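Take a look at the structure below.
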Amino acid sequence: MAKKSMIAKNKRPAKFSTQAYTRCEKCGRPHSVYRKFQLCRVCFRDLAYKGQVPGVTKASW
């Protein structure tokens, strides 16, 4: 989990567009965030297995 101060800082608009970065909406993790879902890989995997991410199914071949 990210610090509450870092999550609050990320919610404020950045002064310049280059300062903006993605964070996971669920846990606040700054690395490995899927932009389409706004979730990190850990949270994405957890929610996908539970079936809570619409349009995502387990791959089988």
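Note that Cβ sites are derived from N, Cα and C of the backbone, with glycine treated the same way.
DSSP gives Cys27 (Zn(2+) binding site) a coil state; it is part of no helix or strand. Residues or ranges marked as Zn(2+) binding site in Swiss-Prot (evidence: sequence analysis): Cys24, Cys27, Cys40, Cys43.
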Can you list the residues of the same chain, besides Cys24, Cys27, Cys40, Cys43, whose Cβ falls within 8 Å of the Zn(2+) site's Cβ centroid? Arg23, Glu25, Lys26, Gly28, Arg29, Val33, Leu39, Arg41, Val42, Phe44
Candidates Cys24, Cys27, Cys40, Cys43 (binding-site residues); min other-Cβ count within 10 Å returns Cys27
